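Over in TrEMBL, the protein carries these features:
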TRANSMEM  21-39  transmembrane segment
TRANSMEM  139-164  transmembrane segment
TRANSMEM  185-206  transmembrane segment
TRANSMEM  236-262  transmembrane segment
Amino acid sequence: MANMRFSLGLGRFIPFLGYHHVLMILIAIAIILLSLLLAGCSSSSPLIPGIFLISLYYQSYPPVFDPAQVDPGVTTAIANIVGQAQLEVRVGYFGICINPDGGAFLCSNNASSLATQVSVDQDPLNLIWVASTFKDSIVFPYLIIVAIILAFACFILLATFPGWHEEIDEHGSDRDVKPFPSRPVSQIALALIFVASVFVLVSVLWQHTASVAASTIAQDLGNGSVKSGVGTAAMILGWFGFALLIIVTIGLLVMILSISILDKLTDEE
């Protein structure tokens with residue numbers, strides 16, 4: 001009986017779920033994904049340290065030799081300096097997380113405070129400082145912040161779109177009516193979500209390129225003793241957020257064009 005009531009209630013609700021409601025849901029999901037991306041490495045809460053742009057960590061492995069190396073033997077000196085260190089550093093947009101000994105992560109937006117919590121033997125090559133330099137000099141989160149604000153503004157505008165409501169026709173019968181949304185409001189919403197999409201695209205491309213470049217250079221400098229990686233979760237969050245915003249942009253454009261065509265057909269009649 002309860003399942004039947006739920007099905008009936010859902011069946012009544014779905015017809016009143018407008019096209020703009022679907023776009024609003026997509027915007028909300030995109031905002032959540034981008035917010036999680038920005039929150040990466042900002043605290044030691046569960047899963048947050050797993051959202052990072054790059055990670056640097058000490059690990060012994062066979063060094064790569066190349067004819068372009070003037071002094072291949074430097075890898076031995078670096079290995080002697082590193083010793084038994086196993087510290088890992090992860091970098092996010094607004095924070096850095098460290099794992100000195102394989103235990104829990106310590107996270108902060110202040111690299112200096114993190115450096116005071118480890119010994120020289122745990123970070124002999126100053127990976128915390130390298131990570132801090134990457135965060136302060138290369139990472140730029142503000143385009144994503146502006147994009148989130150613009151997407152939220154578009155969400156508010158979409159919430160003003162008229163929904164289904166009942167009207168009494170000339171025969172005295174009830175009928176469901178949904179007026180067209182205001183064209184200026186629709187165009188403003190389209191402009192906002194388009195600019196937000198462009199900002200997210202630029203940020204994600206910047207994030208991807210900078211992370212891969214920094215990761216590669218850091219590992220080559222610590223050849224044989226330092227490894228690095230690019231955060232998969234951060235890349236997924238960024239690209240999925242961008243994809244959702246593009247879908248909303250296309251959806252709004254199709255809606256505006258469709259309404260324009262219907263208006264022209266109505267005028268001709």
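Glycine is no exception: its Cβ is also placed from the backbone N, Cα and C atoms.
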Which of 139-164, 185-206, 236-262 contacts the transmembrane segment (21-39) most, counting Cβ pairs under 8 Å: 236-262
Within-chain partners of the transmembrane segment (139-164) [C-beta distance under 8 Å, separation at least 6 from its ends]: 15-16, 18, 20-21, 23-24, 27-28, 30-31, 34-35, 37-38, 53, 91, 93-94, 176-181, 185-186, 188-189, 192-193, 195-197, 199-200, 202-203, 206-207, 210, 245, 248
Distal contacts, the transmembrane segment (185-206) - CB-CB under 8 A, six or more residues away: 27, 34, 140-141, 143-144, 146-148, 150-151, 153-154, 157-158, 160-161, 235, 238-239, 241-242, 245-246, 248-249, 252-253, 255-256, 259
